[in-house]
Amino acid sequence: MEVPAKIQKRIERLRQEINDHNYRYYVLSQPTIPDSVYDELFHELQKLEKKYPETITPSSPTQRVGAEPLKVFEPVHHEIPMLSLDNVFDEKGLRAFDKRIRQRLKLDKPFEYVCEPKMDGVALSLLYENGELIRAATRGDGYTGENVTQNTRTIASVPLQLRGNDYPELVEIRGEVLMPREGFAKFNREAEKRGDKTFANPRNAASGSLRQLDPRITAKRPLIFYGYLIGLLKGKDFPKNHCDVLKWFKDWGIPVISEIKVVGGIEGCLDYYEHLVKTREKMPFDIDGIVIKVNSLQVQAELGFVSRAPRWAIAYKFPAQEKMTVVKAIEFQVGRTGVVTPVARLEPVSVSGVTVSNATLHNFDELYRKDVRVGDTVIVRRAGDVIPEVVGPILAKRPKKAKLIKIPSRCPVCHAEVIKPEGEAVARCVGGLYCRAQLRESIKHFASRRALDIEGLGDKLVELFIQEKLIKDITGIYQLKKSAITALPRMGEKSAENLLTAIEKSKKTTLPRFLYALGIRGVGDTIARTLARHFHELDLLMKASIETLQEIRDIGPVVAENIHAFFHQKHNAELINKLIHLGVHWPQEKAVVKSEIAGKTFVLTGALKSLTREEAEEKIERSGGKATSSVSKNTDYVIVGENPGSKYEKAKALGISLIDEEAFLKLLKS
């Protein structure tokens with residue numbers, strides 16, 4: 001289909017506007033529109049590109065996300081090695097660095113240095129050809145890194161196409177990938193809620209995010225890139241000074257740290273260092289010192305390199321923000337998803353101006369690796385200047401009777417069994433629905449759209465019901481009384497009636513939805529449908545052995561153990577029986593009969609008229625098929641609805657059968 005000239009012009013205009021706003025946000029730090037307006041522009045572009053897929057280009061802002069997961073990172077040879085810097089830790093060492101340079105150049109007078117914050121992130125090389133990003137690679141050992149292009153494309157601050165026209169034929173931009181402190185804290189909070197692994201500090205988070213085999217995971221991480229150096233350069237001469245290189249970066253749309261300063265001589269470097277020592281905690285990301293570079297690129301070339309580091313640059317590291325204290329106790333906290341976390345209770349100590357009396361030990365693998373015990377004198381650090389953590393014990397000061405901490409066999413809150421699956425770092429309480437520590441999130445999950453879908457039972461109302469002790473476990477939802485609800489603040493009769501109607505309506509559900517609502521770790525809606533299709537009845541599933549569960553497609557040993565442990569916890573069985581007694585019910589799952597759908601894999605793209613996406617996927621699963629979210633060579637059918645996305649084009653390219661809604665409904669009837 002030919003793209004109307006007016007549409008093509010609008011698409012190009014949208015791309016330009018979005019790229020300009022990215023530039024203003026990430027490079028100039030001067031956003032001119034609110035996020036909501038930016039989102040509207042982005043969604044309009046997405047919609048037009050879906051309708052006219054032939055207009056999509058690799059450098060379009062919409063093409064940052066969506067690549068298939070990788071099996072392995074390809075090695076990348078650095079034509080110019082990515083060397084590390086030598087370090088100094090005091091004024092004497094810095095002055096010695098300056099003296100060596102001036103002696104080598106036979107200069108008595110001071111000359112210009114460029115001072116920059118030393119970012120505590122992950123080094124990254126970006127290669128642009130004719131302005132287009134063609135490759136991104138990690139430092140690795142300095143000579144060989146890993147190709148992380150697909151992941152890097154998802155980082156919003158990395159331009160897929162350089163701005164303007166005054167860029168070289170080929171340029172390698174080196175810099176650092178960071179996770180800002182605010183984004184790091186938010187990521188860890190959300191990971192804790194989901195029961196996922198948290199990161200110890202922003203640097204680990206940035207590194208782990210950049211090295212995900214699935215770019216879609218990287219896309220969800222709050223990463224930012226700052227450029228600081230040019231490696232390869234073809235088709236353009238180097239400028240006179242390093243600060244001119246940084247100006248190039250800004251002109252091309254590459255973010256550069258604003259705290260960079262050109263100083264005259266080593267005294268200026270020392271002043272800059274003292275300034276950053278005082279202001280480092282106000283910065284949005286972690287730094288662990290300053291980097292000092294000779295400003296003149298000609299002088300840099302004269303000085304050259306020694307071993308694995310340049311002679312013309314040095315890192316002046318900050319003193320470690322660590323203190324010693326004593327572990328008074330090690331207690332266990334239970335998270336909302338049952339994760340049991342060891343926490344060290346400490347003799348209060350001031351670290352970076354903050355009194356620290358508690359510090360996370362992250363998980364039991366970390367606890368045993370560090371071998372921290374009650375009574376130990378330990379080194380405490382504020383990880384990322386924010387989260388207190390125990391670095392490790394000073395073994396020479398360990399009391400003779402200090403004992404190794406054991407994983408608790410029972411939950412400190414509900415006294416249910418605590419299990420630590422082989423290969424996992426975390427231990428979990430299997431108390432599930434009965435454990436009060438997990439109650440709040442369990443209720444929210446139980447009422448969510450893909451579960452029992454109780455309209456109106458939102459987060460704030462759940463908090464209020466628990467606070468007022470109207471709900472003590474999930475069964476309490478079905479025992480709420482109108483009089484008790486209307487007695488609450490801002491809850492009138494109409495609101496109470498609407499909520500009770502929604503609760504009553506939720507009693508009629510399906511077995512897959514009920515299984516998903518129970519919140520068993522590892523059992524999402526797809527696994528829930530698989531279990532319902534396999535067992536047909538809840539009783540049979542509750543009696544299934546771990547071995548039987550492992551024989552089912554898509555269920556591995558860890559999920560099988562989670563399911564078995566959940567149903568064999570007495571409290572969970574009692575709560576399930578009580579829910580059924582209170583009226584929660586579902587039609588019996590029918591055994592899958594032989595059909596055109598059985599054994600086939602389906603992907604949906606676009607909107608269907610007669611079914612929601614969830615309903616269509618449920619019908620596929622109940623007919624013996626499998627519904628997946630991405631197109632691959634293993635896909636049998638792609639169901640094409642209104643306004644299909646890129647999956648439609650990919651299916652056409654792979655020669656996969658495309659069917660419309662009418663054909664899909666006929667298959668269901670077969």
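Glycine is no exception: its Cβ is also placed from the backbone N, Cα and C atoms.
Annotated features, as they stand in Swiss-Prot:
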type     : residues                                                                                : note
BINDING  : Asp35, Ser36, Val37, Tyr38, Asp39, Ser84, Leu85, Glu116, Arg139, Glu176, Lys293, Lys317 : NAD(+) binding site
ACT_SITE : Lys118                                                                                  : active site, N6-AMP-lysine intermediate
BINDING  : Cys411, Cys414, Cys429, Cys435                                                          : Zn(2+) binding site
DOMAIN   : 592-670                                                                                 : domain 'BRCT'
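In this view, the densest Cβ surroundings among the binding-site residues Leu85, Cys411, Cys429 belong to Cys429, judged by other Cβ atoms lying within 10 Å. Here the binding-site residues are Val37, Cys414, and the one ringed by the most other CB atoms within 10 angstroms is Cys414. Taking only the Cα positions, the spacing between Leu85 (NAD(+) binding site) and Cys435 (Zn(2+) binding site) is 51 angstrom. Within 10 Å (C-alpha to C-alpha) of Arg139 (NAD(+) binding site) lies none of the binding-site residues Cys411, Cys429, Cys435.
Candidate recorded positions: Val37, Lys118, Lys293. Nearest to Cys429 (Zn(2+) binding site) by Cα distance: Lys118. Those residues of the chain, other than Cys411, Cys414, Cys429, Cys435, with a C-beta within 8 angstroms of the mean position of the Zn(2+) site C-beta atoms are Val334, Gly338, Pro412, Val413, His415, Ala416, Val418, Val430, Gly431, Gly432, Tyr434, Arg436, Ala437, Gln438.
DSSP assigns Cys414 (Zn(2+) binding site) to coil, not to a helix or a strand. Across the domain 'BRCT' (592-670), DSSP classifies residues as 28 helix, 18 strand, 33 coil. The Cα of Cys435 (Zn(2+) binding site) lies closest to that of Val37, out of the recorded positions Val37, Lys118, Lys293. Cys411 (Zn(2+) binding site) sits 55 Å from Lys293 (NAD(+) binding site), counting Cα to Cα.
Within the same chain, residues at least 6 positions away in sequence whose Cβ sits under 8 Å from that of Lys293 (NAD(+) binding site) are Tyr113, Val114, Glu116, His242, Gln300, Trp312, Ala313. A separation of roughly 48 Å, to the nearest angstrom, links the Cα atoms of Val37 (NAD(+) binding site) and Cys414 (Zn(2+) binding site).
Neighbour list (Lys118 (active site, N6-AMP-lysine intermediate), Cβ cut-off 8 Å, at least 6 residues apart, same chain): Ile287, Asp288, Gly289, Ile290, Val291, Ala315, Tyr316, Lys317.
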